[in-house]
Amino acid sequence: MESTIKTETLDIEGMTCASCASFVEKSLTRTPGVQRAVVNFATEKATVDYLPAQASPATLKEAVVQAGYGVTERAPDTSAADRQAEIDEQKARAYAQLKRRFWVATGLAIVIMPLSMLMLWPAMMQRVNMQWLNYGLLLLTLPVLLYSGREFYTSAWNGFRHRAANMDTLIAVGTGAAFLYSLAATVVPGFFTSRGLMPEVYYDTTATIIALILLGKVLELRAKTQTSAAIKSLLGLQAKTARLVRPGGQEIDVPIEQVQLNDLIVVRPGEKVATDGILEEGHSAVDEAMLTGESLPVEKKIGDPVFGATLNKTGSFRFRVTKVGADTMLSQIVKLVEDAQGSRAPIQRLADKVSAIFVPTVVCIAILTFVLWFDLAPVEARLPLALVNFVAVLIIACPCALGLATPTAIMVSTGKGAEHGVLIRNAEALEKAYQVNTVLLDKTGTITRGEPAVTDFVPAAGQTASELLQIVAAVERQSEHPLAEAVVRYADAQQAQTIPATGFRAVEGRGATATVNGQAVLIGNFRLLDEAGIVLPAAVRQQADALLAQAKTVLYIAVAGQVAGLLGVADTVRDTSAAAIQRLQGMGIEVVMMTGDNPQTAAQVAAQVGITRYFAEVLPQDKAGKVKELQAEGRVVAMVGDGINDAPALAQADIGLAMGGGTDVAMEAAGITLMRSDLQGVVTAIELSRQTIRTIKQNLFFAFIYNTLGIPVAAGLLYPVFGWLLSPMLAAGAMALSSVSVLTNSLRLRSFSPLKN
Amino acid sequence: MDTTEIIVTLTGLALAGFVIWYFFFSARQTASAVSSSSGVREVGITVKGGYSPDVIEVERGKPVQLSFYRDEENSCSEELLMPDFSIRRDLPAFKTTLVELLPQQAGTFPFTCGMGMLRGSLVVK
């Protein structure tokens, strides 16, 4: 259901009549890029389909304002949090009520059980009036039926009217039949005795089944609330207020909903960043673990992006708001996790098909069980036996374990993934990641940092390293070339002193020149020096060749007409890459590298991280072709990339993993997004998917095996051979445990933690 | 076989036949999305032991607003799942929950409760 057209819903303010609505609608329709706009006067909402390339929520808002109306700024996180709070409250109420119903049923069942057992002692039976005892039991059972179990009957009846049958149908029919039979035996015992039958009652069965099923529901509800804990904790991360800097410089705390684009917000140490923006004043270290899973604080300086819900650690800073509400990183993560939790895993299809026909089928089996027992059992016991087995089949076959098997595991694992900076788009992606046996890594930006860094600094004989670095940095600070930035970063890291340079001049395609300390300085490629008539000494040439052999870019430095040193620059491998690749290989996955670089550089990097198979000189448009090539070998390929040019390959792969620093296009094409630029995320994603699918398979196995074995036993199939019959009460106990065990198994995923080397 | 057995057998078979017919083959309630005065296509669905209507016809490429009113407290229907649209919603009891979507492919897309027992379908034409 993907498309380039986006749909936005706006809350319109100030409409007083239907013509206002059409006015807003016209204004929106005329906005460039808007495909369709519909304004609902009653709900005060505008639904707009637009092309994101030509229009944005901001331009839509502008169109509404131009028409003379307003748009209520929605803060979906807060409303989502509010909505969640309301739902939570309702669930808490339902849980408390359920517990009350359970305790009433249990309390009464505890009394009913021993009273029913009296019949087992003939001596007792003579002292007690059976008729009166039965009436007493009936009175005790009625509250269980009408209060504790009422929901089963209303739900079954409502479902019946809608031609829908659910687990309540089975419980209602089962306990209902046992109760009605007992009622008849109590009220008109003569009907039974006249036919040579004992007027037996099953009040204990009725009450115990209801108590046990309610116990199952109580445990189930408690466990279920834990499966969505991840989303709740994500929503809870949102800051409630922001410290706004007024144009006059005055600082004021405002609720987060009032923060608007371009506001200036101040954040002090220990505070949460209110929303997304760009740092304008000050610097700090920010803990972004809640969004990226990265445990080390990230240094932030002027011009760096900051994200809502992250935690400011050390310094105080001010930032300009660039995103609010639904556009923030946190909201998008929440949305993505919610979407994933609503999606369906292909593995669930069988369970879905079975669920759809399950209950009516079981009812038919139960009816046939009744008929067969009635026809085949000895006349004096046929009615009780037929009834008991009919009830046992209905109760044991409750399909809730089947219904819970997949979704609960998906809920827990997608939430867990988000916690570790792994965003899973849907359940299908999770299932695909499980099957992966080959990981194709784009070199630049995934294995390597994707930006050049100085790897070697070689001062010529007679030069002092620290002085030369100061001179080099003085020149390069004036340049905007990426290589110059790498040199400046290196100099800063070495804490080189800042000195002034004059007369800076960039030489196109060669390098730069300037004057430092009264001396002419040249930094650039060999041509720059060659054209200036500077001769390279043999020793320096040798060192340069050695660097070139390692596929590094060489920068030559000349001071006052003499060669003063060399710099080796290369895209460096991330610290974590080799370990992560080794871990993937340890999981039995082949890791293949792909790069646009020459074979020499490719071989160099591959050797460094322990990859044996790689594709070099791959043009951006051929990346998807390489994925196909691997797929043609029968491999299930996961592609890891970060750039726009990776998007086709990410889409072609069986599962695409977009790296955090990546573009929106790459994320759009990927099934999994890694919030952190670190290959460890690939390991985490695959590991998580393997554990999840394993859990789902176990759940489905338990659910299916339980029903496939449980039904024939309950129907009495083993009776002719072993004389075994399943008591309906035991069936109820087993049934209560089945869904709880499936849930508990899914909740085990909460303890997932990615393996690291 | 005595008379009682014959009666029980025939009644049982008839009941089983009825169950199969009633749940699988009887006619379903269908509703089409209707345009409101302002043009949004809306469908109201009551959730009470099932979805009524449970077959909803909508047009392809046109946004539609499904308003689910949950008229019960029974936990079975508390969640709504539309897997083809990646939607999972909690439906609070006795409240209306709006679900807006833009179907872009023709076909039949099921929606169910959290456990897949209550079922309905969205038919996109």
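Glycine is no exception: its Cβ is also placed from the backbone N, Cα and C atoms.
According to TrEMBL, the domain 'HMA' annotation covers A:6-72.
Through the fold, the transmembrane segment (A:102-120) approaches residues 128, 130, 133, 136-137, 140-141, 143-144, 147-149, 201, 203-204, 207-208, 210-211, 214-215, 217-218 of its own chain, all at least 6 residues removed from its boundaries and within a Cβ separation under 8 Å. Here TrEMBL flags A:102-120 (among others) as transmembrane segment.
What TrEMBL lists as transmembrane segment is A:132-149 (among others).
Beyond the ends of the transmembrane segment (A:170-189), by six or more residues, the same chain brings 131, 134-135, 137-138, 141, 145, 149, 152-153, 155-157, 199-203, 205-206, 209-210, 213, 359, 362-363, 366, 383, 387, 390-391, 394-395, 397-398, 728 to within a C-beta distance below 8 angstroms of the stretch. According to TrEMBL, the transmembrane segment annotation covers A:170-189 (among others).
If one looks beyond the transmembrane segment (A:201-219) by at least 6 residues along the same chain, the residues whose Cβ comes under 8 Å of a Cβ in the stretch are 95, 98-99, 101-102, 105-106, 108-109, 112-113, 116-117, 134, 137-138, 140-141, 144-145, 148-149, 152, 171, 174-175, 178-179, 181-182, 185-186, 387-388, 391, 395, 398, 727-729, 731-733, 735-737, 739-740, 743. The transmembrane segment annotation in TrEMBL covers A:201-219 (among others).
Here TrEMBL flags A:354-374 (among others) as transmembrane segment.
Outside the transmembrane segment (A:386-406) by six or more residues, the chain places 167, 170-171, 173-175, 177-178, 181, 202, 205, 209, 213, 220, 344-345, 347-348, 351, 354-355, 358-359, 362-363, 365-367, 369-371, 373-374, 377, 427, 696, 699-700, 702-704, 706-707, 710-711, 713-716, 725-728, 731-732, 734-735, 738-739, 741-743, 746 with a CB less than 8 A from a CB of the stretch. Residues annotated as transmembrane segment in TrEMBL: A:386-406 (among others).
Listed as Cβ neighbours of the transmembrane segment (A:700-719) (distance under 8 Å, sequence separation of 6 or more from its ends, same chain) are residues 347, 350-351, 354, 362, 365, 369, 373, 385, 389, 392-393, 395-397, 399, 401-402, 404-406, 725-726, 731, 734, 738, 741-742, 745. If you look up TrEMBL, you'll see A:700-719 (among others) marked as transmembrane segment.
According to TrEMBL, the transmembrane segment annotation covers A:725-747 (among others). For the transmembrane segment (A:725-747), the list of distant contacts is 174, 178, 204-205, 208-209, 212-213, 215-216, 219-220, 223-224, 226-227, 385, 388-389, 391-392, 395-396, 398, 400-401, 404-405, 408-409, 411-412, 695, 698-699, 702-703, 706, 710, 713-714, 716, 719: same-chain residues at least six beyond its ends, Cβ to Cβ under 8 Å.
Secondary structure of the domain 'HMA' (A:6-72) per DSSP (helix as H, G, I; strand as E, B; remaining residues coil): 23 helix, 24 strand, 20 coil.
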